[in-house]
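Input: a single structure, listed below in structure tokens.
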Amino acid sequence: MKRRKFDVAAVPGNTARAVDDRFQVATPLRRLLNKVFPDHWSFLLGEIALFSFIVLLLTGVFLTFFFEPSMTEVIYNGSYAPLRGTPMSAAYASSLDISFDVRGGLIMRQMHHWAALLFMAAIVVHMLRIFFTGAFRKPRETNWIIGSLLFWVGFLAGFTGYSLPDDGLSGTGLRIASAIMLSIPVIGSWVTTSIFGGEFPGTIIISRFFIAHVLLIPALLVALISVHLGLVFKQKHTQWPGPGRTNGNVVGERMFPRYAIKQGGFFMVVFGVIALMGGLFQINPIWLFGPYEAWVVSAASQPDWYVMFLDGSTRLMPDWEIFIPIGDGYVIPPLFWPTVVLPGILVGLSTLYPFLEARYLKDYRSHNLLQRPRDVPFRTGLGAMAITFYVILTLSGANDVIADKFHISLNAMTWAGRIGLLILPPIAYYVTYRLCLGLQQHDREVLAHGVETGIIRRLPDGRFVEVHQPLSAPDEHGHGELPYAGWVVPKKMNRLGALGPAVRGFFYPIEKPAEAPVSPGHPPVEPRAERAEIGSGEKQS
Amino acid sequence: MSTHTAEPGHEPVDLNDPRLSRFDIVREGARRDDIEIVHYEPQVVPGSKAERRLVRTVAAMFLLTGVAATAFLVIYIWWPWEYEPGRGGDKLYTPLLGVTLGIALLGIGFGILTWGKKLLPKEVSIQDRHEGVVSSDDRLITGETMTYMADELGVKRRPLLGVSLLAGLAPVGAVVAAPLVGGLISQPHKNNQMFTTGFAPRDGQKIRLIREDGRPIRPADISAGGQITVFPGVEHGVSNKYADSPTLLIHLRDADAEESRRNNEREGHGDYMWGNYAAYSKICTHAGCPASLYEQQTNRLLCPCHQSQFLITDNAKPVFGPASRRLPQLPIEVDAEGYFVARSDYTETVGPDFWERP
């Protein structure tokens, strides 16, 4: 029998045919490859969170190989000389071992921590983008809710992870957490002893936090992220208004090749930045804090940044204790309000916001086009109000450090925070609202009268006026009013193509400058001989 | 590939037409997904100087990745990494790993980005969302199908089935929750643990105050104006097992002690001090941090976590910050051998507040 020649070139085709015979993937794959994504830099903020999460999973798995989630007391005998001979929990000792006795362990630990901080930061910034552009409106309310939940689940993930090393700082945080649970009316002491397996700190909390941190919470995060992305995919991305863009289409690039390639590159960049930070910037040097001891704490103990707003609210809370004179009497401690009630209100308000706004505006239509923040002043104002509230709380979470560094009285810092928390958000709302109106008005002005050219003309009667370049042909009254399209209005002459395109090349031009139209109002100018190559694109002789 | 721009109104394409270019087939595929590729423009002319330059740039980035990754491996394997006290080369191990890994990843990242953004053609495609064109037929059919299924089950006609199903399933839900809740739940007031500390006398024996290293304390050990953290002199007294017990023993100056005694008497704690010595719980009544910053001049104790301040000379009452309850005072005396002991346990609840505290 004649041996058949093996045709290498036919292998991909044959394989593809064999796969499609069995799984019928050609049609869905074509749809996937063709899917169109609109492009704007602000659409990539959520990606940073996603990519940080992937880095978290990778580095986190590495850390579990060496971490021992146990509160058994051991005597440290590792490489770090200053702590040798100190009694400590096995969890803290193994965290020290990861930092000093596991090759490359410290960079993994630091990358894990930086990725966590970046994850939370990206979530917050992404959420602000969604909020200020109105991307949460129908049909995307569900995804907004999932996104807000992701912040709080990420918050839990961060806190449980932060507590695991059982160092002096995280132990203090854990003690505060136990006090927060204790403060819940009626069931507080039951909740605390049930979670800690007895009185604080007990011997079980680290192993419980461990399984929550490495299994339960990540599983929840993966589930929420999957649904989040699935919904973005199903509902298609929102887009900015612009030429050819309507509420019923998506204008952009197909997923393959360009969009996917850019995503892949961006992932590597995020990963690379986290690697640089993990290597160069020290984070959470647990060996300096020592093991957790209930009687030791130092000044300037701050939690990770995303917890600081709760720390701040706790510091600003006045000492209002509610006493209920029944029987022996019961109390609701002041700690309950800023740490349990406030987050509860924040979760409720943020998840309900899309529905509240729709109800307020009586707007129940679907929106796929984004809004510029200036075009919805009340929403932008509310956002500015929320940011101000959050920033004051976060700063108050570090008010002892600020007081120390700037030589301000600590009590004055607390009072400034208390008063600022009440006064500044409304001011922020008002200022933002007026700014939005001003920006709107300027847009309309340019549409009606044209772009300022910077050319001052003296009239025969001696007055000076600036020449405006109208954006459209004027009607018989000399006005050419264009409707506002919800997108950037050109406000400089070079936005209208009055100047030639920039010459490409960083150190020297890599191409001949294109022939460009002469700026209106300027006579053609002879280019200076020695600068001819990198001229402004003005007409060359 | 040349610039393509969409022509309006296209004919159905015969995919087997040999005259079709590959791009024509791609475009036809996009059309079948309701995507119109309206603009497709190469960014570089094949063979041009600009293209060669870009290709060189991307290649350089990829090669940089290779170099950095190799450097990472070399450093990982051969650089001295074990911790040595002092300023040894091991302190550079982590930064070097970070720099090489970061450069490797950034090189490949920017290489891919440049490839995608500069070398691939720019395009504008428009895809229909198909929103609001949900077939009302489909809605009707799905709705009717579900109602039909409910009808077939006949829960309305046979209510007993529904009721019994619910009644049967309800305890199953509880069965799922029971082991979790039952296993975790823990009685908070077992052994009166929330109201006792390590200073509670054992077998009628008063508990000594000890230092962190376990030695008992004589009055002469603390100079006037000084303070020291003390622990119950029991087994594991200096450990987190007695997380509520750490106490601050303060030797007040004469005038302060006088004022302190007066205020103690007002509260019925007249005999809690011994001489000029007073002992207050170190566990903040606000959130349980150790209130450990003692300011001698004002006799204030500051908790560094949330800045509650307690006035030691007036029963450690809160004078600023979120704490609403004074630090409990430990009644102390000196035993026959001249060491400090606790006369009894704290008479108020130590640590952060909770519902049933009073």
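Placed from the backbone N, Cα and C atoms, the Cβ positions cover glycine too.
Summarising the annotation, TrEMBL assigns domain 'Cytochrome b/b6 N-terminal region profile' to A:15-241. According to TrEMBL, the feature transmembrane segment maps to A:42-67, A:113-132, A:144-164, A:209-233, A:264-283, A:335-356, A:376-395, A:415-433. Residues or ranges marked as region 'Disordered' in TrEMBL: A:515-541.
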Two-stretch contact, the transmembrane segment (A:264-283) and the transmembrane segment (A:42-67), at least three Cβ pairs under 8 Å: yes
Long-range environment of the transmembrane segment (A:144-164) - Cβ separation under 8 angstroms, sequence gap at least 6: 49, 67, 69, 91, 95, 112, 116, 119-120, 123-124, 126-127, 130, 136, 170-171, 173-174, 177, 205-206, 209-210, 212-213, 217-218, 220-221, 224-225, 227-228, 231, 284, 303-304, 306-307, 343, 347, 350-351, 353-354
Criterion met for the transmembrane segment (A:209-233) and the transmembrane segment (A:335-356) (at least three Cβ pairs under 8 Å): no
Intrachain neighbours beyond the transmembrane segment (A:415-433), with Cβ under 8 angstroms and 6 or more residues off its ends: 312, 315-316, 318, 377-378, 380-389, 392-393, 395-396, 399
